[in-house]
Amino acid sequence: PHTGQLALYLLGLRATCPPASPHRTLVTWLKYYLEEDWTGSRQHGHPLSNYYQYGLGVLALCVHGKRVREEVIQRLLSAQHRGRLGHSDSTVDTEAVVALAFTCLEQRRLVGTGLAAKLRVAAHGASRSMAEAQGPDGVIGNIYSTPWALQVFLATGMCQTEPAFSQAMAALLENLEAFSTAATMAQVLPVLHGRSYLDIISMHCQEEPDTLTPLDIEPPAEVPGNKTVQLVVECPLPWCYELRLYDHPVSVPAAASFLAVLRAAAALEPHDFKFHTQDTSQGPFLTHVLGLEARREKRNYWQLLTAPNTPLQMGIADYIPQDGETLILRLSEW
């Protein structure tokens with residue numbers, strides 16, 4: 001199911017102030033995908049995609065003023081109550097998206113009074129949970145989940161009373177260079193203007209000036225020389241025949257990204273290293289390494305780390321390793 005992708009598209013479409021409403025069919029498709037997505041619960045106990053995409057679907061329908069079946073909402077409430085919304089850092093993203101959906105449904109009065117009260121309590125509970133997840137550096141979850149958390153504080157009005165808000169905003173301003181893709185920029189831009197995705201509901205489109213102009217951006221300057229990075233592949237799962245599957249130095253240009261390191265490793269004789277990626281709105285996503293596939297159905301993924309055990313906060317296309325650094329690809333479960 002394309003639940004999350006279609007939801008983001010519909011949110012963006014609403015924000016562009018379209019002159020008419022030609023997207024009625026897309027809304028119908030999103031409702032269909034929400035139902036199809038949930039068929040996975042019969043076998044796996046969770047949506048075929050994940051609760052993040054499922055929550056995005058509910059949020060997008062609400063922003064477009066469409067009612068959602070109470071059963072769909074109850075699924076999210078139940079998942080939040082049972083603590084099944086995600087794992088590690090991704091819990092913040094998912095909790096935030098779900099909390100925004102709950103706040104939208106309650107504020108737009110698209111549900112009954114009794115359910116609205118439950119949604120309000122759940123949204124504020126998620127806000128408190130995110131405040132408790134804040135690290136000493138002000139980041140909530142990781143740098144990419146922090147804008148989601150800030151949107152929840154803004155949408156629920158807790159930005160005025162929650163100390164975590166100002167600390168997280170300060171951390172965000174110190175790390176703006178991390179938001180280099182369209183998808184991540186879309187998450188952080190509303191927050192920088194003190195807004196959340198819920199604010200596109202009340203936009204006065206006739207007052208929007210048509211002032212957008214192309215921006216000429218100079219390419220980054222070439223960094224001379226090369227660097228050598230140690231590339232390690234680990235599989236600590238019980239069914240792997242050994243922990244360390246690959247350990248080899250890779251020489252690349254000084255400005256090369258993690259993705260360039262992987263490509264250089266794949267080009268080395270005797271071609272022992274192989275990998276595959278999948279294009280997503282967040283950039284390339286690592287799916288196969290050395291023939292081992294990370295599959296959502298198996299609840300595993302390729303975790304990106306630097307030695308000895310520091311998870312990366314960027315994707316393979318964005319992270320620029322340092323000379324002498326050790327990069328680790330670890331097949332992990334969630």
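Every residue, even glycine, has its Cβ placed from backbone N, Cα and C.
Listed in TrEMBL for this protein:
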type	residues	note
BINDING	SER49, ASN50, TYR51, TYR52, GLN53, ASP93, ASN142, GLN187, TRP302, GLN303, LEU304, LEU312, TRP334	cyanocob(III)alamin binding site
DISULFID	CYS62-CYS104	disulfide bond
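Shown on the structure are the features that TrEMBL records.
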residue : record                           : Cβ contacts under 8 Å, 6 or more apart
CYS62   : disulfide bond                   : VAL68, ALA101, CYS104, LEU105, ARG108, LEU110
TRP302  : cyanocob(III)alamin binding site : LEU286, THR287, VAL289, ALA294, LEU329, ARG330, LEU331, SER332
LEU304  : cyanocob(III)alamin binding site : PHE258, LEU286, PRO311, LEU312, GLY315, ILE316, TYR319, LEU327, ILE328, LEU329
(request) Give me the largest Cα to Cα distance among SER49, ASN50, TYR51, TYR52, GLN53, ASP93, ASN142, GLN187, TRP302, GLN303, LEU304, LEU312, TRP334, the residues the record lists as binding cyanocob(III)alamin, in Å as a whole number. (result) 24
(request) Tell me, if you would, which residue among GLN53, ASN142 (binding-site residues) has the fewest other CB atoms within 10 Å in the structure shown? (result) ASN142
